[in-house]
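*Asks:* My structure is below; once you've seen it, I'll send some questions.
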Amino acid sequence: MGRKLDPTKEKRGPGRKARKQKGAETELVRFLPAVSDENSKRLSSRARKRAAKRRLGSVEAPKTNKSPEAKPLPGKLPKGISAGAVQTAGKKGPQSLFNAPRGKKRPAPGSDEEEEEEDSEEDGMVNHGDLWGSEDDADTVDDYGADSNSEDEEEGEALLPIERAARKQKAREAAAGIQWSEEETEDEEEEKEVTPESGPPKVEEADGGLQINVDEEPFVLPPAGEMEQDAQAPDLQRVHKRIQDIVGILRDFGAQREEGRSRSEYLNRLKKDLAIYYSYGDFLLGKLMDLFPLSELVEFLEANEVPRPVTLRTNTLKTRRRDLAQALINRGVNLDPLGKWSKTGLVVYDSSVPIGATPEYLAGHYMLQGASSMLPVMALAPQEHERILDMCCAPGGKTSYMAQLMKNTGVILANDANAERLKSVVGNLHRLGVTNTIISHYDGRQFPKVVGGFDRVLLDAPCSGTGVISKDPAVKTNKDEKDILRCAHLQKELLLSAIDSVNATSKTGGYLVYCTCSITVEENEWVVDYALKKRNVRLVPTGLDFGQEGFTRFRERRFHPSLRSTRRFYPHTHNMDGFFIAKFKKFSNSIPQSQTGNSETATPTNVDLPQVIPKSENSSQPAKKAKGAAKTKQQLQKQQHPKKASFQKLNGISKGADSELSTVPSVTKTQASSSFQDSSQPAGKAEGIREPKVTGKLKQRSPKLQSSKKVAFLRQNAPPKGTDTQTPAVLSPSKTQATLKPKDHHQPLGRAKGVEKQQLPEQPFEKAAFQKQNDTPKGPQPPTVSPIRSSRPPPAKRKKSQSRGNSQLLLS
């Protein structure tokens, strides 16, 4: 029952097996009862197609050579189609097709019938569908009859290419001179099928109003009982929904808050919900809430739940990034360049092979390294033929990066305090082909005692790890305030030690980079601000064109304004581990004197020794306090007189000259120790040296040690009444003075300005002569620890004098 095949004819429409045999409609007429036009039964798809074809025939008649009066005979119309409907089609055009009694659906265009006509004309066959009384109809009678529903389903399968039928319909309408838009046709169908007063649009409006009411309903904090239930057995979906609601309320707190609720209540509820949903401890979550805004805080917590992408750094000592990328792609690795800021980085999305065990990795062509750990080396910018220190080098990623930037020239000293981690450094440096590195194992805080004078120093200080939570989720709960402060104190010590290791006079360097993988202010800005106060360094730009600026003010703290040049990196904004980078420039190798000796975290080196700077005490204290101090020291002199007597006996000084010893300052152990503790205190009473005056109080307090000659001498030379009788500061000679020998007497008493050199007559050493010799103007004098000494004449001018029967050398 197939049709003839013409190989030159292009096939159109569905296949020939999808069409039904012609003439089935005539058989249906025999089985179906006749119905009137008012109550017409729904036509089959085939009958509708033929009816539409006949209606369109009258429209297309003028363009064809057919007679315009040719109309289908009324007697041959199928049942269900009236002659009036067919006649109106030629008068009103295609719009009458929609007004014909066709049931609920508009008849499809006669695209398939046109194809059937063309096929029948080519095959020379008679279209039995147009002949209702054909003799072949008896041969095609179905024993079981035909069901219109089954015909509709089969015809639907034959009309799958809807676009093709619509295109043909538009072509026919254009040929008839009528232009119809698809929107107008659809609107007419909707008007026929659903009236404007029907229910579905009202239902949609009702749904929309309900949705608006749900959106406008304010959020209400749950009661205490529900909060306790969430703490015991939390419903994560409900907790997450509550987090979103609270964050939305806090953005517009004045308009959306619940009456009688304060902002602190919402914040406390949010903090508890975040701790439950993301499994954070209260301490660390509180630190993060102080650090980020609420909307950014949720993004940061979400980013910590996702691991950072795997990144690797190309070893330019052995290969190029282009060659390495091609080799890894051939092995099934999906990768891309890391970014415009890196010339050697690659980011790996997925891999069919272990990325850490490829032949390229074993050959040292690349190093698995995080993107954030490449930034400190780029900020340091090491140059060729320099001396560089990596104070905390393990596991060797930054050290090898510096070596490849230096092209294996110069010297790199890689130091780490952990001997076990140094093993990985050795392995990586050998694999990557680094040859300019020396590995050391010292405590970084004591490193300036070992070696110094480096051009550049890199300090990747140990920290709490709050920036790498995605790698170590245990940080969420095992950190507290003590851990943060302990790390901060260690970082201060290491940073001062690193600064002392830098050579400020370096022609190409003098730079230091300090970095941590933490985001807390206590470990970053606080430490940097401390170093700016303790050492002669300043902050310089890091050279990185991205990253957020460091804090210059955080809560109650205020930092140096130059901290804006530091850089912060976060996982939710830069898709890398949290990191902090600061770059210093050292401009002097000296240490500020104001910070010397009283720094708790200063590195104990030889440059930290205190310097003794003499300064007059009377310039800073009133005269009354000076007199009181002098009297107190006179009482001490009383108890130390036996030492004075032994000193006189050792140095051959007569008892008559005992009073002159009161004008000589001595440095005791207490005074020496105080000078090292506070350099602002003077070493001795300078004013007492300039104006030595002795009153009768000394003779009354120590009568046993004074001879009768001394008493008479003091009475004769006592100053008149009314003059200044201030007692100078008198201290007993120390043990060091007592051990001095007479041969040291040739050294001068002190290089004070205005000291007159006079020769004394050949007589015993008297008090008046000594006072006249040491009558110096007021002014600061350096401390002295020597006994009575003056300028010594040449040996030829030495004279002898008798004192109590003993020969003694007099100083002229």
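Along the chain as shown, the residues are counted starting at 1.
Positions of Cβ are set from backbone N, Cα and C atoms, glycine also.
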*Asks:* Out of Ser181, Ser565, Ser659, report back the residue that Swiss-Prot marks as phosphoserine.
*Replies:* Ser181
*Asks:* Which candidate in Lys272, Lys287 appears in Swiss-Prot with the annotation SUMO2 cross-link?
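*Replies:* The candidate carrying the SUMO2 cross-link note in Swiss-Prot is Lys272.
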*Asks:* Among 40-57, 76-93, 382-399, 544-561, indicate the range for which Swiss-Prot gives the feature motif 'Nucleolar localization signal'.
*Replies:* 40-57
*Asks:* So which of Lys63, Lys168, Lys615, Lys633 shows up as SUMO2 cross-link in Swiss-Prot?
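*Replies:* Going through Lys63, Lys168, Lys615, Lys633 one by one, Swiss-Prot flags Lys615 as SUMO2 cross-link.
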*Asks:* On the 0 to 100 pLDDT scale, where does the region 'Interaction with NPM1' (24-56) sit on average?
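*Replies:* A mean pLDDT of 66 is what the predicted model shows over the region 'Interaction with NPM1' (24-56).
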*Asks:* For the motif 'Nucleolar localization signal' (40-57), how many residues does DSSP put in helix, in strand and in coil?
*Replies:* 13 helix, 0 strand, 5 coil
